[in-house]
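S.K.: The structure under discussion is supplied below as structure tokens; questions concerning it will follow.
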Amino acid sequence: MAEAAELRERLRGVKHIVVVLSGKGGVGKSTFSALLAHGLAADEGKQVALLDVDICGPSIPKMMGLEGEQVHQSGSGWSPVYVEENLGVMSVGFLLSSPDDAVIWRGPKKNGLIKQFLRDVDWGEVDYLIVDTPPGTSDEHLSIVQYLSASHIDGAVIITTPQEVSLQDVRKEINFCHKVKLPIIGVVENMSGFICPNCKKESQIFPPTTGGAEKMCQNLNVSLLGKVPLDPQIGKSCDKGQSFLSEVPESPATSSYRNIIQRIQEYCDQHHFQEEKII
């Protein structure tokens, strides 16, 4: 109980918490988390925090242009590493001596670090805390849900690609959310077609053989937040540690991202309003 009170106290200044999940690896979950953080932080009046709990494969430092940065400790705890004045990041990647170091830890040690990130990082007053998780439904996910239940989670955004191999794991992820009573904000279909920059025709690189995320969302009564087309510039921007949204503002993928981010903001505002009514 004392631990829950400690976590609640530390996270008291956090208004909204969004957890980003995926069933499979490689579907663009960390990319989505990074761009969601950039998109929300575009409003300079909002304070945004990005927490990377993908302990064995932390890619957020690279994507946010923070590779090689170190975590600093102050009297009030660990300080996040800031990309902008209103965008702070915390990742296990900042604790490794080299980006190539492997983290070979069993569950309890991973859980301990997640708890430490939540308890010891001085997040301050934050409008949005985005949590980037590893793929699947394992220790890290249970820890995040358990520790954050002391505070509140607005909900989860689940990332998939259109093909059935990815969707079958998303169905498991949705079941996981129901079992642990984690609200689902919605699903994002990533790599959803490729629009040729020359002829502007769309090709399905990953064909939605069973109807894609759209049909799955209808069947499971979950919101489809949007579809993001493939754009080679997304990968380039991530590798350079730059925000794709500001680097390539005219891309169809950018407008998809902006619409999805707006829907997440609207959901969080509505959620906050409902909580205030209950209080």
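We number each residue from 1, going along the chain as drawn.
Every residue gets a Cβ built from N, Cα and C, even glycine.
Keep in mind that TrEMBL annotations are predicted by a computer and have not been checked by a curator.
From a predicted model like this one, the values you see are computed outputs, not experimental measurements.
Residues or ranges marked as ATP binding site by TrEMBL: GLY23, LYS24, GLY25, GLY26, VAL27, GLY28, LYS29, SER30. Annotation source TrEMBL lists [4Fe-4S] cluster binding site at CYS196, CYS199.
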S.K.: Which residues, in sequence order, are found in the same chain with Cβ within 8 Å of the centroid defined by the Cβ atoms of GLY23, LYS24, GLY25, GLY26, VAL27, GLY28, LYS29, SER30 at the ATP site, excluding those residues themselves?
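M.R.: Near the ATP site, the remaining chain residues are SER22, PRO135, ILE159, THR161, SER166, ASN190.
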S.K.: Which chain-mates of LYS24 (ATP binding site) that are at least 6 residues away have a CB under 8 A from its CB, listed by sequence?
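M.R.: In sequence order, the residues whose Cβ lies under 8 Å from that of LYS24 (ATP binding site) (at least 6 apart) are PRO135, THR160, THR161, VAL165, SER166, ASP169.
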S.K.: State which of the following binding-site residues has the fewest other Cβ atoms within 10 Å around its Cβ: GLY25, VAL27, GLY28, LYS29.
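M.R.: Among the binding-site residues GLY25, VAL27, GLY28, LYS29, the lowest count of other Cβ atoms within 10 Å belongs to GLY25.
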S.K.: Among the binding-site residues listed here, GLY23, GLY26, whose Cβ has the fewest other Cβ atoms inside 10 Å?
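M.R.: Counting other Cβ atoms within 10 Å of each of the binding-site residues GLY23, GLY26 gives the minimum at GLY26.
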S.K.: Just counting, how many other CB atoms are there within 10 A of the CB of CYS199 ([4Fe-4S] cluster binding site)?
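M.R.: CYS199 ([4Fe-4S] cluster binding site) is surrounded by 7 other Cβ atoms within 10 Å.
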S.K.: Round to a whole number and give the Cα-to-Cα distance in Å for the pair CYS196 ([4Fe-4S] cluster binding site) and SER30 (ATP binding site).
M.R.: 25
S.K.: Around the C-beta of SER30 (ATP binding site), how many further C-beta atoms are within 10 angstroms, looking at every protein chain?
M.R.: 27
